[in-house]
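These features come from TrEMBL:
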{"type": "DOMAIN", "residues": "B:1-95", "note": "domain 'FAD-binding FR-type'"}
{"type": "BINDING", "residues": "B:I62, B:F63, B:Q64", "note": "FAD binding site"}
{"type": "BINDING", "residues": "B:C221, B:C224, B:C236", "note": "[2Fe-2S] cluster binding site"}
Amino acid sequence: MPNNRLNGRPKMPQRTVQERIRDFDEVPLGLEKWAAIEEAKRCLQCKKPSCMKGCPVEIDIPGFIGLLAQGKIDEAVMKIKEKNSLPAICGRVCPQEEQCESLCVLGKKGQPIAVGYLERFLADYEREQGIDLQKMPTQNGKKVAIIGSGPAGLTCAGDCAKMGHKVTIFEALHSAGGVLIYGIPEFRLPKAIVAQEVDYVKSLGVELELSVVVGKTLTFDDLLQDGFKAFFIGTGAGLPHFMNLPGENLNGIYSANEFLTRSNLMKAFRFPEYDTPTKVGRRVSVIGGGNVAMDSARTALRLGAEEVCLVYRRTKKEMPARIEEIERAEEEGINCIILTNPVRFVGNENKWVTGIECIQMELGEPDESGRRRPIPVPGSEFVIPADTVVVAIGQGPNPLLLETLPELKLNKRGYIEANEVTGATSIPGVYAGGDIVTGAATVISAMGAGKKAARAIDDYLKNKS
Amino acid sequence: MVKIIKKEVLTPQIKLMVIDAPRVARHAKAGQFVIVRINEEGERIPLTIADFDSEKGTVSIIFQEVGKSTIQLGELNEGDHITDFVGPLGKEIEEKNFGHVVCVGGGVGIAPIYPKAKVLKKLGNRITSIIGARSSDLLFWEDRMQSVSDALYVTTDDGSYGEKGFVTSVLDRVIQKEKIDLVIAVGPLMMMKMVSLLTKKYELPTLVSLNPIMVDGTGMCGCCRVTVGKECKFTCVDGPVFDGHSVDYDELLARQRNYLEEEKRAVENWLMKKAEEGVHHAK
Ligand SMILES: Cc1cc2nc3c(=O)[nH]c(=O)nc-3n(C[C@H](O)[C@H](O)[C@H](O)COP(=O)(O)OP(=O)(O)OC[C@H]3O[C@@H](n4cnc5c(N)ncnc54)[C@H](O)[C@@H]3O)c2cc1C
Ligand SMILES: Cc1cc2nc3c(=O)[nH]c(=O)nc-3n(C[C@H](O)[C@H](O)[C@H](O)COP(=O)(O)OP(=O)(O)OC[C@H]3O[C@@H](n4cnc5c(N)ncnc54)[C@H](O)[C@@H]3O)c2cc1C
Ligand code: SF4
Ligand code: SF4
Ligand code: FES
């Protein structure tokens with residue numbers, strides 16, 4: 001048996017750096033069956049499983065792991081799918097180390113159960129073996145409109161359909177999945193997997209209408225007239241923030257959303273076979289320290305950049321990206337320039353970016369978020385040469401739909417105010433969840449919100465008739 | 001998927017298509033645009049809604065063949081389908097009686113100026129239109145523009161039709177002669193810049209419709225950003241119509257050239273592919 005364990009916990013086999021930075025194929029390879037079963041056997045099957053408290057969609061973790069340990073793979077998959085219709089995605093992109101795994105009792109003394117790896121294994125196994133789980137629910141004809149096909153919308157749609165409602169998802173883009181399809185790169189979440197999870201939701205009877213921008217193509221009034229009785233808004237936090245620094249509109253400066261959308265949704269990495277181009281110079285700087293920044297940096301590398309660095313104003317400890325992703329980025333040769341903040345962009349006579357003028361930072365007192373506030377060191381300006389810059393400093397709520405619904409109550413930051421338990425908004429029958437309520441968060445919290453809203457929508461529709 | 005129900009060749013390089021798109025037609029307003037993606041490999045290109053008929057559920061687009069996507073679109077025929085046709089996007093122009101409005105359309109910009117002139121005429125504005133192109137074989141819709149204008153002037157750069165010269169020289173003359181309440185200009189960036197410089201001198205309110213490179217068209221990517229006043233605006237959601245005197249044209253001109261090399265490669269690559277297929281067919 002190969003030695004790929006760490007205190008009992010299996011290590012995820014992954015492709016070598018040399019191999020993986022040349023293409024967009026997935027980096028981690030997944031556990032083999034024997035390794036997954038071995039790991040499942042390590043679970044203590046706790047009576048009061050603390051791990052479950054860390055899962056926003058309340059998967060019966062000991063339940064599915066117990067079945068896997070007995071080799072009952074089909075049943076284990078079904079156990080997960082009771083609560084989570086997108087396990088192949090969560091098994092890959094959930095920050096497990098902060099959620100379910102961080103609360104596993106085994107983690108106190110040794111290594112927690114690799115819940116995420118096991119979830120991924122089961123979902124992949126199901127897909128590869130083609131286990132047939134579908135039972136088409138009977139529909140009672142109540143029409144529910146879901147706006148946005150990100151993880152929040154897909155989950156809410158799937159659950160509403162399972163409760164017998166007639167669900168239609170309206171999506172502005174030409175592909176379903178939200179950030180899963182346009183943001184997170186292929187090498188971290190293969191698009192074929194997203195497509196299959198979307199197909200699964202469709203197989204539950206959910207209709208999917210692409211290229212429909214609600215608020216423009218169809219208004220809320222149109223949907224009411226079409227007989228929709230309840231609504232779920234899951235439009236995400238898709239508005240890219242810029243830094244509002246001089247020179248930010250120079251050629252060669254992208255928002256992370258644009259950079260990633262060109263590559264993922266539009267498949268610019270296969271230009272000219274696909275029509276959408278993208279441009280990556282020799283030296284790429286990515287500004288930010290979250291998942292979005294890591295994805296942009298690693299994408300730039302795969303698109304042929306010679307040197308890629310991350311510019312972050314605090315230290316590595318404060319970076320919001322998943323540890324696993326920071327490690328992989330560094331392994332691939334991405335250089336983190338910390339305690340550094342841009343003050344302006346420098347360009348040439350053709351208005352192409354040539355560098356970022358930065359200032360050094362030091363950490364001061366903690367701010368509202370509890371992280372130490374970075375403060376500039378006077379006189380420490382220097383220039384980082386760059387011919388491509390990706391600004392990955394965060395996103396806000398896209399106002400496009402919200403502007404058409406003035407009666408919908410928003411909070412100070414422009415996100416929808418929704419009840420934490422039900423997702424109910426200030427308009428009866430209209431529910432909301434995911435990034436459009438919380439601000440940029442995680443796939444699984446968006447799914448959790450979609451799930452809760454589905455329950456509330458079901459109650460609402462029952463009481464209504 | 002939408003269907004092309006009518007195709008008209010307006011000039012050798014400019015084509016009109018009437019698209020069956022009831023949902024887009026229902027809410028369409030003058031000033032708005034659609035995003036078109038021809039097929040699965042296609043890019044998302046913005047095209048103005050040149051005309052629409054809410055009752056028939058149709059939307060007209062007019063495009064000039066300048067690169068791979070527009071050339072390929074031009075090869076489609078009546079009965080063919082387009083994979084994605086999203087809209088109506090962007091903000092409509094303010095619909096009210098301003099008084100005397102001068103509508104300036106340059107080149108393929110005649111297409112987006114037409115619906116604006118049409119709706120403003122309906123609202124009781126006096127419309128003076130000035131349309132121009134490099135030469136006569138790039139001119140179209142003179143008759144339509146005539147039908148929505150109280151006065152119409154036509155120019156060509158080379159004098160092959162109408163008056164020889166630029167739209168700006170006619171505009172200057174009209175300004176000297178008449179009181180104007182609003183100027184709307186749509187066309188190549190350079191033309192919009194020149195019009196704005198001219199009207200700035202006379203402090204005439206001026207609207208232009210910008211055409212930066214876009215991706216999603218819904219405010220998600222920031223590719224279409226422009227500096228208007230001191231602010232960064234996203235053309236697809238904040239525009240495409242802006243105050244002509246506040247736009248940083250030079251920045252936008254540079255941004256439009258972002259992908260020149262790639263655009264060239266795309267056309268060459270595609271023509272080669274087609275030639276190869278042609279050889280195949282011949283065998
Ligand atoms: C690059 C990147 C990497 C990330 N990595 C991770 C990770 O590793 N792990 C993790 O847990 N989280 C990650 N996240 C965060 C996570 O993806 C989001 O929190 C999650 O996708 C939010 O889901 P959502 O359903 O609320 O919205 P989104 O996924 O944003 O989906 C919203 C959808 O609504 C559509 N829409 C918007 N407006 C309209 C309209 N008017 N009409 C119709 N449709 C509309 C949009 O086109 C979009 O498809 C990452 C995010 C990014 C950008
Ligand atoms: C809101 C809006 C409305 C528009 N309406 C129309 C219209 O009604 N009719 C029409 O013919 N065109 C219109 N355009 C321009 C049209 O989108 C471009 O001509 C088209 O994207 C070119 O694609 P291509 O692949 O054929 O050419 P490409 O190979 O992409 O480009 C070829 C040439 O066109 C230039 N170009 C590329 N994109 C644009 C652009 N967005 N605007 C201007 N030049 C560009 C390039 O710099 C290059 O010189 C509009 C653009 C916007 C933003
Ligand atoms: S969905 Fe995420 S949090 Fe829940 S069990 Fe799976 S990996 Fe853990
Ligand atoms: S806490 Fe850990 S050991 Fe206990 S049931 Fe959950 S995964 Fe198994
Ligand atoms: S085209 Fe993406 S924000 Fe305007």
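From the backbone N, Cα and C atoms, a Cβ is placed for every residue, glycine too.
Heads up, TrEMBL stuff is auto-annotated, nobody curated it.
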For this session: Write out how many residues of the domain 'FAD-binding FR-type' (B:1-95) are helix, how many strand and how many coil, based on DSSP.
Result: 13 helix, 44 strand, 38 coil
For this session: List the same-chain residues at least 6 positions away in sequence whose Cβ sits under 8 Å from the Cβ of B:F63 (FAD binding site), in sequence order, or say none.
Result: B:I14, B:K15, B:M17, B:L47, B:T70, B:L73, B:G74, B:V108
For this session: Inside 10 Å of the Cβ of B:C221 ([2Fe-2S] cluster binding site), count up the other Cβ atoms and send me the figure.
Result: 27
Exercise. Between B:I62, B:C224, B:C236, which of the binding-site residues has the fewest other CB atoms within 10 angstroms in the structure shown?
Worked result: B:I62
For this session: Count the other Cβ atoms sitting within 10 Å of the Cβ of B:Q64 (FAD binding site), across every protein chain shown.
Result: 17
For this session: Among the binding-site residues B:F63, B:C224, B:C236, name every one whose Cβ is found under 6 angstroms from ligand 1, counting any of its atoms.
Result: none
Seminar exercise, completed: DSSP output for B:C224 ([2Fe-2S] cluster binding site) maps to coil
Exercise. If you take the centroid of the Cβ atoms of B:C221, B:C224, B:C236, the listed [2Fe-2S] cluster site, which other residues of that chain have their Cβ within 8 Å of it?
Worked result: B:P212, B:M214, B:V215, B:D216, B:G217, B:T218, B:G219, B:M220, B:G222, B:C223, B:R225, B:F234, B:T235, B:V237
For this session: Please state whether DSSP places B:C236 ([2Fe-2S] cluster binding site) in a helix, a strand or coil.
Result: helix
Exercise. So which of the binding-site residues B:I62, B:F63, B:C221, B:C224, B:C236 end up next to chain A, with Cβ to Cβ under 8 Å?
Worked result: B:C221
Problem set entry | Distance [Cα-Cα, Å, rounded] between B:C221 ([2Fe-2S] cluster binding site) and B:Q64 (FAD binding site) | 25
Seminar exercise, completed: Restricting the binding-site residues B:Q64, B:C221, B:C236 to those with Cβ under 6 angstroms from ligand 2 leaves B:Q64
For this session: For ligand 5, pick out the binding-site residues B:I62, B:F63, B:Q64, B:C224 that have a CB under 6 angstroms away from one of its atoms.
Result: B:C224
Exercise. From the Cα of B:C224 ([2Fe-2S] cluster binding site) across to the Cα of B:Q64 (FAD binding site), what is the distance in angstrom?
Worked result: 20
For this session: Could you name the residues, excluding B:I62, B:F63, B:Q64, of the same chain that surround the FAD site, i.e. Cβ within 8 Å of the Cβ centre of those residues, in sequence order?
Result: B:L10, B:I14, B:K15, B:L16, B:L47, B:I61, B:E65, B:T70, B:V108, B:A111
For this session: Could you measure between B:C236 ([2Fe-2S] cluster binding site) and B:I62 (FAD binding site) for me? Cα positions, answer in whole angstrom.
Result: 19
For this session: Sorry to bug you, but what's the C-alpha spacing from B:I62 (FAD binding site) to B:C224 ([2Fe-2S] cluster binding site), rounded to the closest Å?
Result: 21
